[in-house]
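Have a look at the structure below before the remarks.
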Amino acid sequence: MLRLVVQRLLALVPLLFIVSVLTFSLTSLLPDDPADLIIGQWGTEQQFEMVRERLGLNEPLVPRYVHWLERALHGDLGTSFFNSVEVSDAVMQRLPVTLSLTAVSALIALLVGLAAGIAAALRPRSWTDRLATFGATIGQAIPNFWFGILLVAVFAVTLRWFPATGFTPLSSSPWEWLRSVTLPAIALGLASSAAIARQVRSAMVGVLQQDYIRAARAQGLSRRRVIFKHALTNALVPVVAVLSFQITVLLGGALIVEQVFAINGLGTLAITAVRRQDIPMIQGLVLVMVVLVVIVQLATDVVYGFLNPKARPS
Amino acid sequence: MSVQSASASDRGARSGSRRRASAQAVTVAAVAVLSLLVIAAVAAPWIAPYDPLHQSLGAALQGPSTAHWLGTDDLGRDVLSRLVYGCRIAVIAAAEATSIAVVLGVPLGLFVGYRGGWWDWAVMRLVEAVVSIPGIMVAIVIIAILGTGLHRAMIALGILFSTSFLRLARGVVLTEREEVYVKLARVVGASDRRILLRHIFPNIAPPLIVQVTLTVGAVLLAEAGLSFIGLGVQPPDASWGTMLNTAASYMELNWFLAIPPGIAIVATVLSINLLGDVIRDSIGRGVAVGVKPTTPVARFEAAAPASPESAAPPPRRDDDVLRIEGLQVVVSAKEGGEVPVITDLSLAIARGETLGLVGESGSGKTLTGLSILGLIGAGGRSTHGTITLNGTELRALTERQREQVRGNAVAMVFQDPTTSLNPAFTVGNQIAEVLRAKKGLSRKAAWARTIELIDRVGIPRPAERARAYPHELSGGMAQRVAIARALSCNPALLIADEPTTALDVTVQQEILDLFRDLQDEFGMAILFVTHDLAVAADICDRIAVMYAGEIVEVAPVDTLFATPRHPYTRGLLSAMPHASDRDPPLPTIRGTVPRPGSWPRGCRFSDRCGFRTDACGQRVPLTGTGRLVRCLRAGDPELEAGR
C-alpha cells in the first residue's frame, strides 16, 4: 500500500508544480501594481519603493518564484496586503470549519446516494426507481444556497430545532457542533447525493447482471449477502471516483453555503480577499485547496486499490 | 395462458406508450419554461408591472397582494418585476459564459489535438491543474484579477468551462485523425486547416450540443451562486442570485422572498438539464443504428400440462435424484407479453449418473439448469410442471426454502470461470464463505476445509492459492476452484453448464477427468449441459437432445451415437468433426435455431428438416420407452436409409 501511495504522489508532482506556477503568477496578472493596492493613491515614491522591495517585486521573475515556493513549502504564505495577518494563520484558523462542513456533507451525500441508488437498482423501472431518478434530477437542479435558505426557514426560524447561523467548533461542544453543522451539510450535500445516487444505480444495475452474482446466488447465499457483499464491493469501484470528484465540488460549494449560515470559514476569507484583491490570501487559499484535493485523490487511489485487487501494484 | 399473455402484452404496450408520452410531455414542458424565460428576458420592460429599481420604503417586505403579486423586498421594490428582469440577466449570463467557453475551448482543443506533441502536453497539464481546483475557487481567483460584476464574472465562468470544451474537441480530433477519410485527405494534399474545418469539425457538433446544454445549466447555477455571495451581479441590479442574497438577510421577517427566485432557478436549470437528456438520447439513437425489432409471429399456444401431446413422464427409478416433469418456462418479450422458451420438458437423473443436455445455443439448455435452481432471472418464470429434487417439489418452495436447497442439495458450475468468480475477493474467501453460510462452520474450520477442497480438485500448493484473486489464476485453475466451491456442501445434484467450453483444449480433458473422479467419490448426479457432442460422448451416461425449448431425443450415449433417430440429432452427429476423415467438408444443418416466439406451429425442426411431410405441421409428442424421440417419422424406412 505504501508503494501505491508513493507511486501516486510522484505522479502528482507535475500537477503541483504547474499549480504553484499558476498561483505564483497571480501577482503578475494583476492589472494594478500590488504596491498601489497596499499604499493607496497618496503614497510617496519612497513608500512605493519600500513596499516593492519588501514584496520582492524588484527581483526578476524566476528567483522570485523560487523564493516564494521555498517559503510556501515551509508554510510561510506571506502576509495579507491589507493588514499584518499571516496568510497561513488566517487559513489554518478557518480550515477546520470548512473541512468539517465538507466532510459531514460528503458523508451525507455518500449515505443518501448509496441508499437511493441501491434501492433504485434492485428494482429497475419500478416506482422506487422512478422516484429516485426523478429526485436525483431535481436534486441536481437545486442551488445549494437556496436549499440552505429553505432549511433555515423551516428548521431554524419556524421549528427552532437548529441554530440559523453560526458554527460551534467540535472541540468546544460536540453536540452543538453537530447542531450547527447539520443544516449547512444537508444543503451542501444534496446535489452530490443526487450525482452519487445516479452513479450507484448504474454501477449496481451493471454488476447485478454479472455472472458471479448469479453464481453466488446459485451457491445458496442469501440475497442480502449477495447484494451487500458481492455486488456492492464491485459497484463501489466507479462510485469511489465520483465521490472523489464530488468532494472537490463540495469544497467549492462550501464557500457559498457558509454565507447562508454566516459561518466564518474559508468562504468568508476568500470573498473578503477577492473584493480587496488581496493576492497573498488568494494564493494561500488556492494552495490549501490543491493540497486538500491531492489528499483526497491519494485516499481515492488507496480505497480503489482496496476494492479492486487488479489495481494493486504487484 | 393465452388470456394471461394477452393482458400482459397489453400492459407492456400500454406502459411503453405511456412512458413515451410522459417523455414527450416533459420535453414540451421544458421547452415551454425556456421559451417563457426568453420571452420574459426580451420583453421585460413591457411585462414587468413596475420599475425593478423603484423603491418605496413605506411598502417594504410585504407579502403577495393584488398590487404586488409576489410582494415587495426590503426596499419596497416589486419582487415580480425584479424576477422578470432577472430572466434577462440569466439569459445574458448563460449566453455570454457559454459562448466564451466554446470560443476559447473548441479551437484550442482542435489545435492541440491535431498538433499533438509538446503543445498538447503543456496545454493538457494546464487543464488538469485548473480542473483539480474546485470550480468556484477558480472563478473566484479569476474574479480577484478582473474585478466583480456580471460580465467579468461571466468571463471567469467562460474560462472555467472552456476546459470541458477543450477536452471534448481534443478527444474528437484524436479519434477522427486516425480515420481513413482524414488520412486520405492528407494524402491528397489537403491543408491542415481544410482538414480541420471540412473533415473533423462536423464530427464535433453532436457532442458539442450536449456539452452546451450541460454548461448552460452549470453556468446558471454558478452565476446565481456568485451573485449570491456578491461577486457577480452587483446591487441594486436585479438578478435571481442577488434577490436570494436579500432574502437570506430577511428570513425571519419575510421568508416568502426566497421562494420566487429559487423556483425560477430550479425550473430553468431543470428544464435545460431535461432537454439535454432528451438531446443526448436522440443523438445517441442517431449514432447507434438499432436492430430492427422483430415481432413474434404466430404466437405460440402453450401446451397445457394435461394436453394429449404432453409426453409421458420418464419412468420412475428408485435412485432418481432429480425428476422434471412437464416444465414450461416463459420470459417476457421486448415487444410486451410473454414468450415460452422451454415447453413440456421432462427428464430424470439418478444417483451417480451423468445426463448430457445437448443442443445448439438458444435451445434452452442453460435456462433448464437455472430453472432447477429457481434462478431464471428477472423477466422469466416457470409456469407449469414439477421439479423434484430428492423427493422435494422445488417449484412449491418459498424463496427462503429454495435458498436452503441451493448450494446444499444442488450446485452449479458455470461456463466462464473467470466471470463466475467475484473479482473482488480471494478464491479461498469465496469457498469459505459458502461453508460458513451453508454449513455454519467457524472461520477457522471453514478455511481448513477450503484448503482441503482446493487440494482435492488438483490445485498444487492449495494454502497459497487460496489467497489468490481470480484474475491471478489461469482459466483451468479458476474452473477447478469453481468446482470446489460447488462441491463444498456435497450436493446431490451438480449442474455443469458448458464447464469446459471457455477453456483451452488441453485443459478440457483434465477438467472432464476431474468431474468423473469427483463423481466416483461423492456420488452426485450430474446434469452436464454442452453443445459439444464429443465432450458429451466422453462424460455422459445418457444424452437428452434439446431443440427450440423442447427435448427431441433421449437415449443412452452409445445407442444415440450408433442409431440416432431424430433428424436433428443426426444433423448434429454428422456435423461433428472426425479426426479420421478430413477431406469431405463438414456438413452443416442449414438455417439456425428459431427464436422463441417464432417457432413453427408443428414440429419445431420442420423448416430445417429434409424429411418433413404435411403431418409435421402438427405438434409432435415425445414417444417411446427407454429411448424417446419426438419425430413422426422415427423408424420410417426412408429416414433410416438416409443415415
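Heads up, the Cβ atoms here are built off N, Cα and C, so glycines get one too.
The transmembrane segment annotation in TrEMBL falls on one of the ranges A:177-197, A:261-281, namely A:177-197.
Using a Cβ-Cβ cut-off under 8 Å and counting only residues 6 or more beyond its ends in the same chain, the transmembrane segment (A:177-197) has close neighbours at 100-102, 104-114, 116-117, 120, 132, 135-140, 142, 144-145, 147-148, 151-152, 155-156, 162-163, 166-170, 239, 242-243, 246, 249-250, 253-254, 257-258, 260-261, 263.
Long-range Cβ contacts of the transmembrane segment (A:231-250) within its own chain (Cβ-Cβ under 8 Å, at least 6 residues beyond either end) map to 102, 105-106, 109-110, 113-114, 118, 121, 188-189, 191-192, 195-196, 199-200, 203-204, 206-208, 210, 213, 293, 296-297, 299-300, 303-304, 307-308. Outside the transmembrane segment (A:134-157), and at least 6 residues removed from its termini, the chain residues within Cβ reach (under 8 Å) are 116, 163-164, 183-184, 186-188, 190-191, 193-195, 197-198, 253, 256-257, 259-261. Here the transmembrane segment (A:286-307) has Cβ contacts under 8 Å with residues 1, 4-5, 8-9, 12, 15-16, 19-20, 23, 72, 77, 91, 95, 99, 233-234, 236-237, 240-241, 243-244, 247-248, 251, 266 of the same chain, all six or more residues outside its ends.
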